[in-house]
Amino acid sequence: MSEQIAYLGPKGTYCGQAVEKYLRRLGKKMETVPLNTITEVIHSVNTHKYKYGIVPLENTIEGSVSATLDKLAHKRNSLYIISEIDISVKHQLLALPQARLGEIKEIISHTQALEQCRDFLFRKLPNAKILLAKSTAQAVLNVKEKKQPGRAAIGSREAARKYGLKILVRDIADYKDNVTRFVALSKEKAIIQDKDAITAFVFSCKKDKPGGLYEILGFLAKDKINMTKIESRPSKVVMGDYIFFIDIVGNHYVQAKVAQALRNIEKHSDYFKLLGVYQRKK
């Protein structure tokens with residue numbers, strides 16, 4: 001396995017900023033490898049091509065990144081979350097140096113970035129055609145390569161500097177406190193001793209059992225285990241069938257009550273998968 005870290009590229013993405021922050025936290029240098037999609041990043045770590053991967057997990061405005069959740073939940077991906085990295089997101093409207101705001105006819109960016117700037121687009125560019133890119137940096141690169149003055153991208157200041165674009169309008173997100181949480185993934189679990197760690201897992205309730213979710217949550221409530229997140233996603237198997245993602249404060253490696261709660265949840269679930277135990281953000 002190569003001592004490299006894969007992330008959602010190209011260079012200049014917010015994910016790239018998360019990689020830099022993570023490596024500073026580790027106090028080490030590592031070769032970074034930008035890939036085109038979240039799926040590619042997860043697959044590359046799952047198949048031992050790269051040791052670590054960094055992908056977006058959730059955003060304060062738009063919520064969870066479904067592509068990441070769905071891949072982590074799948075039983076064929078035996079990966080673990082080993083760390084979380086928060087990045088402040090400041091979206092800029094970027095275009096070629098000669099472009100003017102009144103001439104912009106097309107906007108390209110990642111879906112989440114477009115959604116986070118929907119009010120700005122409605123007010124300032126209501127007739128612009130929306131184009132999708134796999135990442136904000138890819139959108140910026142597209143504007144550079146296509147050389148169309150009427151096309152603008154939503155991206156970061158770092159991407160503007162890297163690809164030589166002009167910032168037409170600064171800080172265009174609808175909400176100023178815009179943070180994206182990224183996670184570091186590995187084939188190896190993070191074995192830590194902190195009782196205030198985050199334990200993340202996914203499960204599905206037993207079919208045709210009334211009160212299944214209530215029963216599962218009861219195992220946490222019984223021992224006063226704090227749940228910080230619960231989210232449902234379609235199982236992608238049967239209409240109306242859902243899986244549930246839960247984060248709790250606690251560490252089954254050092255707390256017997258947490259270990260017992262997880263055993264009970266697994267026993268009373270049709271599907272259960274531990275997603276990781278990692279240091280809580282302070």
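These residue numbers are counts, starting from 1, taken along the chain as shown.
Cβ from N, Cα, C; glycine included.
Under the heading domain 'Prephenate dehydratase', TrEMBL lists 4-187.
Sequence annotations record features per position, and here TrEMBL assigns site 'Essential for prephenate dehydratase activity' to Thr180. Secondary structure from DSSP puts Thr180 (site 'Essential for prephenate dehydratase activity') in a beta strand.
For 201-279, the entry in TrEMBL reads domain 'ACT'.
In the structure as shown, the Cβ atom of Thr180 (site 'Essential for prephenate dehydratase activity') sits within 10 Å of 24 other Cβ atoms. As a whole-number mean, the pLDDT of the domain 'Prephenate dehydratase' (4-187) in this prediction is 93. Helix, strand and coil content of the domain 'ACT' (201-279), in residues and according to DSSP, is 23 helix, 31 strand, 25 coil.
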